[in-house]
Amino acid sequence: MIGGLFANVFQRLPSLLYRVSLNMKPQVVFVLGGPGAGKGTQCSKIVESFNYTHLSAGDLLRAERAREGSEFGQLISNHIKEGKIVPVEITINLLKKAMEETMHEDDKKFRFLIDGFPRNEDNLQGWNTVMDGKADVKFVLFFDCSNEVCIDRCLERGKSSGRSDDNRESLEKRIKTYLQSTRPIIELYEKKGKVHTIDASRGVDEVFADVKAILDKDA
Ligand code: ADP
Ligand code: AMP
């Protein structure tokens, strides 16, 4: 009798798990660090090995800037060039839409790496207002390296990226924004014990070994 019950539960386990996943709230990892710390590089590697979807706030803003008919194109363009943080209403709506579309297309894709967000107090408040109760923030992956390393990597990337902000003048502004606005947000999550800090000044594979160990433990 009990054996039969267990067999029944085991038989139905895949469909039960599937149904649980259908009702999953988005599980979010925020990915932060200075410009050029390697956030995008590491997120691409995570996506290869783990079931995460990578959403970069910067990429979503650049796509919106390029979208024909976008009412925000010029504003986004100016902010990016000046290394300033785009108003949260724009960024949060792009993130929310991307998350919803991803989950709508495949309801097993509910794990997200949100790269380059929240970058300041305004971003954080926007997230808390719009996403409160709608997503679980698991932790922050913080890619930590010196300003010099960040600048050198972005200048190197600038040789081929075509980005309007991979030049010394924009980079100085971006670093300033990072130190003044983003570091306090990382510290806030640190106080909550929610930050995994990774030494991002090393080679890509060494950095990824640490990332993998953190995500393996989390799985
Ligand atoms: P972010 O997303 O933080 O702005 P990227 O991932 O785009 O940074 O990396 C910035 C530049 O530095 C890219 O040209 C990338 O190839 C390079 N890069 C990334 N990680 C490393 C690393 N660990 N060592 C050396 N170069 C790196
Ligand atoms: P990134 O691609 O992460 O280096 O970001 C490039 C630029 O996009 C930043 O310097 C900002 O101008 C803008 N940006 C990126 N993420 C955000 C965000 N979370 N909030 C507002 N602006 C952002």
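The backbone N, Cα and C atoms fix where each Cβ goes, and this holds for glycine too.
Of the residues proposed, R111, R202, the one TrEMBL records at the same ATP site as G36, A37, G38, K39, G40, T41, R157 is R202. Between G116 (ribonucleoside 5'-phosphate binding site) and K39 (ATP binding site), the C-alpha separation comes to 8 Å.
Nearest in space to G38 (ATP binding site), taking C-alpha to C-alpha distance over the binding-site residues I85, P118, N123, is P118. With a CB cut-off of under 6 A applied against ligand 1, the binding-site residues K39, I85, N123, R163 are reduced to K39. As a whole-number mean, the pLDDT of the region 'NMPbind' (56-86) in this prediction is 97. Taking H, G and I as helix, E and B as strand and the rest as coil, DSSP gives the region 'LID' (156-166) the counts 6 helix, 0 strand, 5 coil.
The two recorded residues, R202 (ATP binding site) and R163 (ribonucleoside 5'-phosphate binding site), show a Cα separation of 24 Å.
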